[in-house]
């Protein structure tokens, strides 16, 4: 647990967001569309925020220097989009909604933070139109069409390509009733591998863009608490694996368990997948590959347990959303899209498995195809859906460890909003001065 | 008619257990030869009925009931032609003194003596009857929302109204507004002002005579007898071009407000496109579009700066309570016209009283209205024609800037009032500049003229009152009155300020005030026609009688009367206008010749009460202290002391006075000569936050301290023997301490050497 300072009546209400450098004022041009977007995203009318600071005081994750989400609420009320999208603190929030539950004006800061994160995903992802599609219900048809068409295309092209490359699917007595008759393994592996790499690359591009934005917008550096990049990454990974931050939430404690189940479930499933992908080079797999695994194979057991964990986790998450309808989080399209996709992936996965055991043709192929469409969707939209938090939150956590938080004063500058009254300074110059003034090491951050 | 006094002594409430009732009766029957004295078993209704039977049977015309506090009775309990006095044996004797004690008995007997004496000296009260008939019409000055409402409400109640408006149209500021802030649930949507309908209704009312482009050039007389002259607002000196004259009974002054001039640190008048809220309102009213004054371009963004001059100790210290709401309304104008427009509101405190908070919340929901606390440090004009507003200590950042097309200063309200007292002082000083007796006097007068000359030409009512042509003002130019406890009251009887001249308010407040002031005006007319006093001694039929043959033209009464009752003839002899009088008795206290008296309250009556007290010889070691307590706070506080059974010195003899300002210095002299060892005076709080019901009474009493000291010196007595205290009723618990401390002090000083002389 974080030690909270004992705030007395005298020193509590003063707002202390130092936003200017060299004593220069910050020019604000509110983005009305951003405000309208956040307005749609949040059930509470967030502009009613009165800056009481209950949210920051309640939040167990919020650090003492420059706590969130109070300052983010002020910036959001003023439509300061550029500033918020480069704000690491937005991603330090794990949306446990303690703040939303305690907010005396019912403006749901937790949802506002989620909305800002969504806008961040749209802004930093590449190509960003996919991010936009992933955030609006009317584009769901495109989202569905892309993996479907890709898979159909792959099915049409599998034989010509196999002929050209001379690929022969392994056959043998122990390969019984194979799905590979429909979607050969070589295709499955190469196809999905290709898109996984593509998605990861896109996600990394987004993360780098975000890192740069954070560096220019919040170029703080506190030598007392800053870490090296390597140890920042290690600390962050530890945090993620052990769910340190999740465990601090009080309002929705089940979130710790549901997220753990989903995360580790997927980890198990990925392990099995990688085991299979390595079939041709894996020295531990001798002789003919037995596919599918028998039900009692340790790998099959791991896969089934992983699937069950994801299913259980997702169901817990959905229950949490419903239960929280009145108090905290109600969930939005962006959120439901991911939950729904994962749910469908798991369910179609199990259906495929069951249909396989009962050998029910041709339905099993249909189920398998559906399963593949959603798995591909999950992979394709990794950098654009809510799943993008894998990239952005991790990046923000690393940045937070790497820079350390300024305990005394933060020199904060908004790179995109630095036109001053004399009108001479260009944003670029501002940025440079900011870096100089901050700390040289921030330059080498990425 | 010969007096027939009846005395009733109550035995209940522990009185008979604590006091020797027979001895009390003997005081009445033996000492004062009162023929009718009986004991009663309580002071409840059946007993009071039996007293009334006794009054009728014995033909008593003066009655004393010694029992419970006078505050427990109402006037209608006894026949109107019988004078009834009450002694609070319960509250003032047995509840605060030990039972069956010699001193307690002496106290009770003294009270009996004092009040029997009072009854003997009191004369029957005849209400003042004006020679001329009391006029029952009402003058309303100002045709804004308050004046219109007052006129309409008064006419609906059956009173003829004269409505005088300075400009050429009715409706005041509200008629210049495009929309009104929400006035009804759910307090979210702007509304029509409704003032047009009100104007039509007033115009269609035959009982209301409207004079537009007109002002009151002269008002003479007094409540019920005000003679009003009207002249054109445009031209001329006060007496020229009188258009109309008429008589009214009472006056509602709804002269409204004007916008505050923004403070120097704001760029109003220095930077183009920096305007005040009133100017923006007028723009929207007249052209519906919001444009920049400099180039006529459509405005896409506005910065509102709250408290544009208000709440600044150096400039305009108070909050006008509606400027925040006006800015919210005007921000809504901008947003209604353009969905991409932006309004920024910089405030120190957003003040949206009561349910108007809901309107504030509604505007917060608007994506294009931005709020922050903060201090606007600079407004400057850019090359592109926009204005850059720089603000410090804001919520989104320590120093921020926004670029806008227009800056609107939320200007507060200043009352349209005139300082009658200052105008009079200016006139007097002008005379003294030439006619002063010495150089020093003439120089001082010249200084005064310099200091007050900005009051010249500010007259509104033009009253012919010795104390000045307009109402007295207190702080910030608002007419002097208890604005919370006694709204619409002023220091000129029958003249009731209402609306924004009285207190900054919105249209709803104006309507409420117009109605309230109309009721006050009606009440004044009706009570005056019956010869009764209005607030705070409502219903009192007595009035001061001036025995002018003995007047020395010292002018103390004309100057000290808090209500300007007295004019002066050229020689300086006071000319009383009894219907202006509130019956406080300040004139009685002021008069060194003791020629001002009421039939039932006079210098002689109180002096006789003082003399009625039996003062023991010096060697008995029983000092006597006279306490004169103000009837409004200190005397009721004494009842509370009794109710809380708090004990105090038995040597105090208390006499209530109408106001401490009615205390005549002669009484102090009388008390000391009679052998009293000290005098304690307790009145209401005075100063800027005064609580005196007659505004100046307790302060005047204090100012008479010099006279008292002189008297004491003549008698070779110590100054400390007279003390003045200020007390509010909630401080009743301090009374015993005040009494006891004073009693100890007297013990230290020693007995009065005049005893027994």
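Each Cβ is built from the backbone N, Cα and C atoms, and glycine gets one as well.
Any TrEMBL annotation is an automated prediction that lacks curation.
Residues or ranges marked as compositional bias 'Polar residues' in TrEMBL: A:435-446. Positions annotated as domain '4Fe-4S ferredoxin-type' by TrEMBL: A:47-107. The region 'Disordered' annotation in TrEMBL covers A:418-446. Annotation comment: TrEMBL describes A:140-157, A:186-211, A:261-281, A:301-321, A:333-351, A:366-384 as transmembrane segment.
The DSSP breakdown of the domain '4Fe-4S ferredoxin-type' (A:47-107), given as helix, strand and coil counts, is 29 helix, 0 strand, 32 coil. Remote same-chain residues near the transmembrane segment (A:261-281) are listed as 185, 189, 193, 289, 299, 302-303, 305-314, 316-317, 342 (criterion: CB distance under 8 Å, separation of at least six residues from the stretch ends).
When Cβ-Cβ distances under 8 Å to the transmembrane segment (A:186-211) are tallied for each of A:140-157, A:301-321, A:366-384, the top count falls to A:366-384.
Within its own chain, the transmembrane segment (A:366-384) is flanked in space by residues 121, 125-126, 130-131, 133-134, 143-144, 146-148, 150-151, 179, 182-183, 192, 195-196, 198-200, 202-203, 205-206, 341-342, 344-345, 348-349, 351-352, 355, 390-391, which lie at least six positions past its ends and keep a Cβ under 8 Å from the stretch. Sequence-remote contacts of a segment are chain residues at least 6 beyond its ends whose Cβ falls under 8 Å from one of its Cβ atoms, and for the transmembrane segment (A:301-321) they are 252, 254-255, 257-269, 271-272, 293, 329-331, 335, 339, 342-343, 346-347, 349-350, 353. The average per-residue pLDDT of the prediction over the domain '4Fe-4S ferredoxin-type' (A:47-107) is 90, rounded to a whole number.
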